[in-house]
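Enquirer: The structure follows.
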Amino acid sequence: MWETLYGMCLAFPLVLYFFIPVYFNLGITSVYQYLDMRFKSRLVRRLASATYFLRSIQNLGVTVFTPCVALKTVMGLPYWFSIILITSIAIVFTVLGGLRSAILADAVQSLVMIGCSIMIIIHGFFIAKGPLNVFEVTKERDRLDFFNFNMDPTLRVSTVSATLGQLFMTLSMFGCQQNLVQRYFSMDSQKQVEKALWLTIPLTIFLFSLSWIVGMVIFTVYADCDPRALGYISEIDEIIPFYIEDRFYFLPGFMGLVLATLFNSGLSIVSNLNSISTVAWEDFVSQIPIFKGTSEKNQLWCIKIISVVTGFIVMGVAFIVAQSSGVIDASQLMTSATSGPLLGVFVLAMFFPSTNWKGAAAGIISSHLVTLFIVLGSLSIAKEPNYLPVSTEGCTNTTFSPYIEPIFDIQYNQYKMSFMNKTHDDISSVLSMPKVESSSTDDILTMLYSITYMYYSLLGTFVTVFVGVIVSYMTAIRTRDGVQYHPLGYEPIL
């Protein structure tokens, strides 16, 4: 997953030199306005807006669920309670107009989380006897699986799928997504945008690497006594709050600070609810005859009502995410599945001048249908994850802090496991991140369903462009000897 940074870093220059000049040269303020100008079709604009709306709701569902994991681990709050609580507060914030406060809280929360991550890393280096030992332990136990160029498309993550998949996802987000492109327009010149995007690359590497280094530190500390194997936690995502509760008991208030910032990250959906509700109003609701000519005051109330409805939809998505295999998997799958159609239509608009609105619309719809078909099909396949092995050989009754009660006598349990001939491989079913085994069947549908979600963005983009070009060619109107005709026939068009 660390190698997704390759795709991100490759995407920023492409956005800078291919997408940004188009927007600035046309003097537009909306990416959907560009599609309107290019294809002269409200349908294409609405399909692109609907794709953005769909992706935003899915990602917000993941955002809401993430702090729920920590709240369950530390406070024992069930997922359903936390999801309802966070979403309800966000909806109230949105209706009352607390956007400025929410944005300020986002900025503070980001700084605090960076500080907390750095503290975890420094403290973890001290416990694990230095960064060199952290590197050695993670490498010896096969956690640093870099430069894996296996081309098997059914592998969950390899260097190839991480690079290509994230490249297309990042292009879609930073090149075609309205809320991000709006930030480019807020700057005074294209030169400023260039500086900002080039600066984004090292910042992205730093911020993402913090997360992976935190993971390496925690794995090293628990390398010989895995808390999930012993039942201290039930889900993979619970490891960080458990680690803080276990190792930072000496620092009063640190756990509360982390929980507060995580809880606030769930409330960051306030600004996003405002954004997508405005898009829904502009491109869909306002076009309904009964809402045409609505006064500004009533428009504001309509947008707030849309925000409330959208908030409840996000709540439903968060409940679905709670049933997934993990926060990272859910986030990557949802982003990848919706990136292809959006990126594909912009590629058609910018790089295929002969395409028309019929081809663009057909491409978006086809891409969504193909991706949905694969996603639903993948749910029908029983995938047995082959977990990497973990160890409990170094566990004692003093392994964890005195504030965490042992669930049983660890030494007796180890003796019992040894007596029953439980080998190291027998407990491999209790691990951190799974690697799904590749399908060996020759069945085409099964192979299609087994494609890793990392490739959904690439596949979606290809389908959009391919279908868009073909349909545009078939529906194009050309002139020959002064007579209009379709390219597939010579019948005059009256």
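Just so it is clear, glycine is given a Cβ too, placed from its N, Cα and C backbone atoms.
The transmembrane segment annotation in TrEMBL covers 12-32, 52-73, 79-99, 111-135, 155-176, 197-222, 248-267, 301-321, 333-352, 359-382, 453-476.
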Enquirer: As a test: from 12-32, 52-73, 111-135, 333-352, 359-382, pick the stretch that has the greatest number of Cβ pairs under 8 Å with the transmembrane segment (155-176).
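Expert: Most contacts with the transmembrane segment (155-176): 333-352.
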Enquirer: So if I exclude everything within five residues of the ends of the transmembrane segment (248-267), which remaining residues of that chain have a CB under 8 angstroms from its CBs? That is, six or more out.
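Expert: Sequence-remote neighbours of the transmembrane segment (248-267) are 63-64, 66-68, 70-71, 74-75, 86, 89-90, 93, 102, 105-106, 108-109, 112-113, 116, 119, 123, 241, 401-403.
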Enquirer: Most CB pairs under 8 Å with the transmembrane segment (301-321): which of 12-32, 52-73, 111-135, 359-382?
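Expert: Per the Cβ count, the answer is 52-73.
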Enquirer: Check the transmembrane segment (12-32) against each of 52-73, 111-135, 333-352 and return whichever range has the most CB pairs under 8 Å.
Expert: 333-352
Enquirer: Which of 79-99, 111-135, 197-222, 359-382 has the most Cβ pairs closer than 8 Å to the transmembrane segment (333-352)?
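Expert: It is 359-382 that shares the most Cβ pairs under 8 Å with the transmembrane segment (333-352).
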Enquirer: Give me the stretch from 79-99, 111-135, 359-382, 453-476 with the greatest number of Cβ pairs under 8 Å to the transmembrane segment (197-222).
Expert: 111-135
Enquirer: Using a Cβ-Cβ cut-off of under 8 Å, list the residues of the same chain that are 6+ residues beyond the ends of the transmembrane segment (359-382) and lie near it.
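Expert: Hits for the transmembrane segment (359-382): 35, 39, 41, 43-44, 47-48, 51, 333, 337-338, 340-341, 344-345, 348-349, 439, 445-446, 448-451, 453, 456, 459-461, 463-473, 475.
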Enquirer: State the residues, same chain only, that lie 6 or more residues beyond the ends of the transmembrane segment (52-73) and have a CB under 8 A from a CB inside it; answer 'none' if no residue qualifies.
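Expert: Non-local partners: 79, 82-83, 86-87, 90, 177-179, 233, 235, 237-238, 240-242, 245, 258-259, 262-263, 265-266, 268-269, 272-273, 275-276, 279-280, 310, 313-318, 320-322, 327, 330-331, 334-335, 338-339, 342.
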